[in-house]
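J.: Here's a structure for you.
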Amino acid sequence: MKWMIVEKAEELANVSYQLLKQEIVRHPEGLTIGLATGSSPLGVYEEWRKDRVDCRHVTTVNLDEYVGLSPDHPHSYHTFMQEHLFDAVDFKESYVPIGSTADPREESDRYEALVRQLGIDIQLLGIGSNGHIAFNEPGTPFDAKTHVTKLTESTRQANQRFFDRLEDVPTEAITMGIGTIMEAKKILLVASSERKAEAIRDMMEGPATTDCPATILQRHADVMVVLDEEAASLLSDEAKRTGRAAYTNFMK
């Protein structure tokens with residue numbers, strides 16, 4: 001696992017986007033990027049929209065979708081992606097699970113097969129304050145494939161800001177599993193704010209345990225973590241020095 005700690009919080013999105021752009025430019029023959037939703041990637045998508053790099057050779061696959069929400073629902077992740085990225089960037093193909101399907105488990109199997117067929121070259125991730133990645137909550141087996149999951153109360157409360165009321169936040173989601181995510185060739189995880197500091201410390205310096213799903217990333221061969229100072233605040237002094245030095249070298 002490699003990591004960078006950016007000097008200023010506002011640089012987090014640009015640095016993260018530049019890492020993605022390197023892959024987009026490096027692979028004109030075709031590239032599959034796994035995309036995330038929530039607050040963590042918003043700045044990255046804003047940088048992407050402004051840059052308008054040619055992505056007609058890029059296929060995207062999203063991590064998850066709420067069960068019960070149709071693609072045109074204002075709070076679906078289909079709509080989220082359309083508003084924050086897809087309406088400004090022309091991709092070859094873009095895929096998001098269908099949350100309004102009559103059989104979410106069948107849709108999970110279909111989506112798992114699709115992801116396996118495409119193969120993810122680089123996966124963009126955020127991290128929850130409880131260490132979840134995608135909607136893989138604490139306790140999810142490390143070998144889990146795409147599945148239907150029940151959302152914890154803390155996750156629903158964290159996502160309430162995207163809805164009018166807590167009661168409107170769905171209780172289930174279709175999500176790529178931890179095992180599915182780990183099959184990506186590269187992983188880019190972006191985290192900011194003190195609210196993520198404990199999860200980041202556990203992910204980077206704690207033991208690999210399903211109590212903090214993101215700790216599995218310690219076992220992946222190619223992970224880059226981009227943090228602001230607040231998210232990195234609980235890391236060891238040595239880890240902070242390493243992350244700051246990596247950022248300095250990247251910016252040269």
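Cβ atoms here come from the backbone N, Cα and C positions, even for glycine.
Sharing the features that Swiss-Prot gives for it:
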ACT_SITE  ASP64  active site, proton acceptor
ACT_SITE  ASN130  active site, for ring-opening step
ACT_SITE  HIS132  active site, proton acceptor
ACT_SITE  GLU137  active site, for ring-opening step
J.: Around ASN130 (active site, for ring-opening step), how many other CB atoms lie within 10 A of its CB?
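T.: Neighbour count, Cβ to Cβ under the 10 Å cut-off: 18.
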J.: Have a look around ASP64 (active site, proton acceptor) and count the other CB atoms within 10 A of its CB, chains all included.
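T.: Other Cβ atoms found within 10 Å: 22.
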J.: Which Cβ among the active-site residues (HIS132, GLU137) has the fewest C-beta neighbours inside 10 Å?
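T.: Output over active-site residues HIS132, GLU137: least Cβ neighbours within 10 Å is GLU137.
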